[in-house]
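Per Swiss-Prot, the features are:
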type	residues	note
DISULFID	235-237	disulfide bond
DISULFID	269-272	disulfide bond
């Protein structure tokens, strides 16, 4: 039995007799914290939870030091879904929506018709990478799986579920041939594991622990489950970042903004709703090189 982090974690597993690895993710507290920042309609909250689960799974598969960003855009009721997950497994997310266009049973294609999905890896060192694919699957799981098909990488499949309280995800990925080198046997092995994964119901994914899920799916296959890695919600906004945005405007424009906004500038974080206030004294201190050590006001 593995000691698990409280509610939010990823957990890797591998098949001993085939070239396939997997990753499971469970999100509760971080999902709740994201939803607490914005009163999303249920279909939007579900989509955002699925995208959060996907980002956490992807960070588990990539070896990098930096930030992974998943961004879905459309001209429909949900013009934007965006999730960021750092290599330290710190997660945040946001959605934009038009509530008048959302029905209770709306799915991905109802909410985001003709959409696109961008995956960006922004390392602290090295070159930024971005790939874009049409959001043409029946759900986010299929759309993300299609992304990896289009990018001609190793076979990768996603299963994502969220219900407004918890978000769960399963990723399966082919590894380079080692255990099985015959191409036909390799294809059959891959088809075997994804066919079994596709029998997993939403109720099972959202309600069962990882060991039970793996036993139900693969009790005839030798599978090794590794230690869990914790995930948490954390927003990267700060008063310092907001101050840097003001400095980039230049002194004259920053002072003019203070005047236009009745003596203080409010900078709101779109992710967590943190609000940073800067008055004329703060602005003068910034441009005099005094830094941001003495905030006039910062509030939620």
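Numbering starts at 1 and runs along the chain as displayed.
Cβ atoms are placed via backbone N, Cα and C, with glycine included.
Quantities reported herein were computed from a predicted structural model and do not represent experimental measurements.
This view paints the features noted in Swiss-Prot onto the structure.
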residue : record         : CB count, 10 Å
235     : disulfide bond : 18
269     : disulfide bond : 19
272     : disulfide bond : 20
Discussion item. Distance check, please: Cα of residue 235 (disulfide bond) against Cα of residue 272 (disulfide bond), rounded to an integer number of angstrom.
Written reply: 7
